[in-house]
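**Q** My questions all concern the structure below.
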Amino acid sequence: MKLKTFPGGVHPPQYKDLTKGKPIEDMPVPIKVIIPLQQHTGAPCEPLVKVGDEVKEGQKIGESKAFVSAPVHTSISGKVTAIEPRPHPASAKDVMAIVIEKNPESAEVSARPPMLHLGTPSLQTESWKELTPKQIKEKIRESGIVGLGGAAFPTHVKLSPAPDKKIDTVILNGVECEPYLTNDHRLMLEKTSQILEGLNIILKVLGVNRASIGIESNKQDAIKVMENAEHSYEVGGRDALHGISIEVVPLKVKYPQGAEKQLIKAILNREVPSAGLPFDVGVIVQNVGTALAIYEAVVTDKPLIERVVTVTGNGIKEPKNLRVRIGTPFSQVIEYCSGFVNGVSKVIMGGPMMGLAQYTLDVPVVKGTSGILVLKDIKEESEGPCIKCGRCVESCPMSLMPNRIGDYAETDNFDLCKEYGVFDCMECGACAYVCASRRPLIHLIKYAKSRLAAKK
Amino acid sequence: MIGQAILVLGGLGLGFGILLSFASRKFAVVVDPKEEKILEVLPGSNCGACGFPGCQGLAEALAKGKTEATSCVAGGAEVTKKVAKILGVEIEPKTELVAFVACRAGIKQAKKKFKYRGLNNCQADALLFTGDKSCVYGCLGLGSCAKVCPFDAISITAEGLAVIDPKKCKSCQKCVKACPRNLISMVPRAQEVIIICKNRDRGKKAKEVCSIACIACRICEKACPQQAISIVDNLAVIDYQKCNQCAICVEKCPQKAIGVRS
C-alpha cells in the first residue's frame, strides 16, 4: 500500500536508534528548579508567590488573566529563593523566572519520591465522563497544559474553536518527524491506554466522534500497539467509544510530516488556507504527549510539572529518554546522562531541524523542551551565493520560494518577502537543509519576519 | 548629394526647433523662483532626514511655506541661514547636535556569549538571545548604523565598536533609528564630557558582563560641583544645561565610564 504523505519535504538521516529502544527513565528530583513565567505562546504569567515563600510540589505559582496563556506550577517542594529574569531556551530575551530550592535537610536527590498528593486519582477512572466539556477545559487550563510538540500553544485555547467552525476530526500527532527525538515514540509504547483515554477526553470536549492517529511508518511497533489497544477498546465495548471511530494511519517517513498542516494534508487531503488554522478545515491536531498530559490532568489532577525529554546526540555519553521535572537546568540533565564526550560543539533544544542552539547550560527544561541534542565536531561550512538550483523550492512543504525570500531579506526588501509569503513559512528548515550553497535561509526568514513585525 | 542632405537635415532641424520653442512657451511649468534658489543652497545629498523625498521635495515644501526654515538637518546652521534669507524670515539659532554611540567596550572588555554566525547586521544578531555580546546594552558592532549613514561618518573599529566622526556627522539621526539597542543619542556638539555607557544592570551584574560598565556607584554624582549628574535606573546621566565641563567626574569615575569626546 502506498503510504500517505504531503508534497515537498526532505529525508534527513533519522539517528533514532540511539534512544528508541530505551524505556523512559525517571530522572531524580533536582534540588533546584528555575520555572520561567512564560513557557507558552501568549501572555506571560504574574508570579503568585514571593521570595521566601514555602511552596509544595504541584502548587500553582504563576497565573495570567489573559485567555491565551497557561499557568505555571512548581515541580518540586521547597523555598522560593529568587524571582528575576533568567536565560530561557526559547526566548530572545531573559524571561522572569521563579527559582525554587529544596531545603537541604529534606533533599533526597537519589530517590524519586512518589507524587503523593498528585498521582492518586481524585476521580474514578471513568467518572471524568460526568464532567461537562467546560469543566474539563477549565481543568486543562488550571493544570497549565500546552502543546508538548514544541510550539507550546495553550491547549484549552486549541480546544475552544470559534462557534462558527464545525470540527469533524481530531488528529493525534504521533509522527515525531524530527531526527533523533524518540520521546513521543516511547510514550506511545509505554502509555498507550492513557494516551487513548486522553484522546477520548479531547473528543468529548469537542463533541467529535472521528479521530485519526498519524504515525510515521518507521515506528512499526508503535503502530501495532496503538492498533491493538484501539481494537481492545472496541471489543471491550467501552461506553466512551460508542459511535467513535479511531483509525491509526501509518505515514511515509518524510520531514516535516509532523507539522500540523502537512499532517492534515496527508491524512485528510485538506489544505489549510494561507494565514488560516486547522479550525478552518474542521480539524484539531494534538500531540500524543499532550493527550497524555490531558489524561493526567483530568483523571489524576496532576498539573504539567514534568515531561519526557530525549537527551541524545553523538556528544552525550549516555543518550536517554528521561522524564524530567519542568525547570531542571540543562546542566543537571546532561550530568545525569554522564556528561559530554570530548569535542562537543553544539547543544540544541529540540531536534536538529527546528531546534534552537543554546549558549548556556543554565537554561531550564521548559514545557516545550522535547529534546536536548548534543552534537560534536560540527564542520563549519561557509556559505556561498545562491546558484538558483531550485532545491529549496522543491523541498518547501508550504510551496514557497525560500531562495527569493532569502534574497529579499538580505537586501532589506521586506515588503517583497511578505508578497512571497514569508508569513506562511513555519521555519521547518527543509530549505536550509537542502541548500547547495549552505545559505542560512531560516535565519534570513526569521530576520524578515521580525523586521516586518517591528514595522507594524 | 551633399546639398540634398544638408537641405533635408537642416529643414528638419529648423522645423523641430520652431515646434519646440513654441511648445516650451505654450506648455511652460511655472516654477517658484524661490524653490530653485533654495535647491541651490541645500546640500544635495538627498539624505531624507527632513522627512521629505530628497532635497527637491524639501525645496518645494519650503517655497510653499509647508515647513519651517530649520527643516534641513544635514545642512546645519549655515544652510538654515541661507534658506531663511531666501524666504525672508527670522530664525533663532538652534543648538547643534551630533550623534554619539554610548559604548566603548570592545571584545576585550565585554566578552562574547557565543559565536555568532549569520547576517552581518545588528538586528539579526539581536534576534538570538539579544545578541552575542555579554552586555545586553552594548554595541554589537556589526555596523547597521554605518550602513544607513548617508555621510559615511560611522566606522567600525577592529574591536567591534561603532564610532561616529563628529566632523562628518550632519545629525540626520538615521543611525539613531537603525540601532536595535538604542545606543546612539543626539548630544550638543559643544558637549565634550559625556557618559559612554548605557548599562542599566545593577553594579555586580554590570561588572560581570563588562569590565568598564557604569556600576552606578554614585561617585560622579557626589563629586560634581554643579550637581549636573544623577543616577537614573542604575546609570549616570548628565544634565547638559547644568554641566560646565569641568571634567572632575571623568577623573573620579572608577570604571572610566565617563569620558571626554574628541
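Any Cβ shown, glycine's included, is placed from N, Cα and C.
Predicted automatically and left uncurated, TrEMBL annotations should be read as such.
Just lifted these from TrEMBL, have a look:
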- A:1-22: region 'Disordered' (REGION)
- A:376-407: domain '4Fe-4S ferredoxin-type' (DOMAIN)
- A:Cys386, A:Cys389, A:Cys392, A:Cys435: [4Fe-4S] cluster 1 binding site (BINDING)
- A:Cys396, A:Cys425, A:Cys428, A:Cys431: [4Fe-4S] cluster 2 binding site (BINDING)
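Distances, neighbours, how buried they are, the whole picture for these features please.
**A** Beyond the region 'Disordered' (A:1-22), the same-chain residues lying 6 or more positions past its ends with a Cβ under 8 Å from any Cβ of the stretch are 179-182, 185-186, 217-218, 249-257, 262-263, 265-267, 310-313, 319-321, 352-353, 394-399, 430, 433-434.
Residues 6-10, 256, 259, 261-262, 313-315, 340-346, 416-417, 420-422, 424-426, 428, 430-441, 444-445, 448 of the same chain, all 6+ positions outside the domain '4Fe-4S ferredoxin-type' (A:376-407), place their C-beta atoms under 8 angstroms from a C-beta of that stretch.
All protein chains included, A:Cys386 ([4Fe-4S] cluster 1 binding site) registers 18 other Cβ atoms within 10 Å of its own Cβ.
For A:Cys425 ([4Fe-4S] cluster 2 binding site), other Cβ atoms within 10 Å of its Cβ number 22. A:Cys425 ([4Fe-4S] cluster 2 binding site) falls outside any helix or strand according to DSSP and counts as coil.
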**Q** So what's the average pLDDT for the domain '4Fe-4S ferredoxin-type' (A:376-407)?
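**A** Value for the domain '4Fe-4S ferredoxin-type' (A:376-407), mean pLDDT as a whole number: 93.
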**Q** Going by DSSP, is A:Cys386 ([4Fe-4S] cluster 1 binding site) sitting in a helix, a strand, or coil?
**A** coil
**Q** Fewest other CB within 10 angstroms, which one of the binding-site residues A:Cys428, A:Cys431?
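**A** Looking at the binding-site residues A:Cys428, A:Cys431, the Cβ with the fewest others within 10 Å is that of A:Cys428.
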**Q** By a simple count, how many Cβ atoms lie within 10 Å of the Cβ of A:Cys389 ([4Fe-4S] cluster 1 binding site), its own Cβ left out?
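**A** Step by step: centre on the Cβ of A:Cys389 ([4Fe-4S] cluster 1 binding site), count other Cβ atoms within 10 Å, giving 13.
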**Q** Beyond the listed site residues A:Cys386, A:Cys389, A:Cys392, A:Cys435, identify every same-chain residue whose Cβ lies within 8 Å of the center of their Cβ atoms for the [4Fe-4S] cluster 1 site.
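**A** After dropping the recorded site residues, what remains is A:Ile387, A:Lys388, A:Gly390, A:Arg391, A:Pro402, A:Asn403, A:Cys431, A:Val434, A:Ala436, A:Ser437, A:Arg439, A:Leu441.
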**Q** Are there any residues in the same chain, six or more apart in sequence, whose C-beta is under 8 angstroms from the C-beta of A:Cys435 ([4Fe-4S] cluster 1 binding site), and if so which?
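**A** Once residues fewer than 6 apart are set aside, A:Cys435 ([4Fe-4S] cluster 1 binding site) is near A:Arg391, A:Cys392, A:Leu441.
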**Q** Helix, strand or coil for A:Cys431 ([4Fe-4S] cluster 2 binding site)? Use DSSP.
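**A** Note: A:Cys431 ([4Fe-4S] cluster 2 binding site) is helical by DSSP.
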**Q** Considering only the binding-site residues A:Cys425, A:Cys428, A:Cys431, which residue has the minimal Cα-Cα separation from A:Cys386 ([4Fe-4S] cluster 1 binding site)?
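**A** Smallest Cα separation from A:Cys386 ([4Fe-4S] cluster 1 binding site) among A:Cys425, A:Cys428, A:Cys431: A:Cys431.
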**Q** Using the Cβ center of A:Cys396, A:Cys425, A:Cys428, A:Cys431 as the [4Fe-4S] cluster 2 site position, which other residues in that chain lie within 8 Å, going by their Cβ?
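**A** The answer, listed by sequence position, is A:Cys392, A:Ser395, A:Pro397, A:Met398, A:Leu400, A:Pro402, A:Met426, A:Glu427, A:Gly429, A:Ala430, A:Leu441, A:Ile442, A:Ile445.
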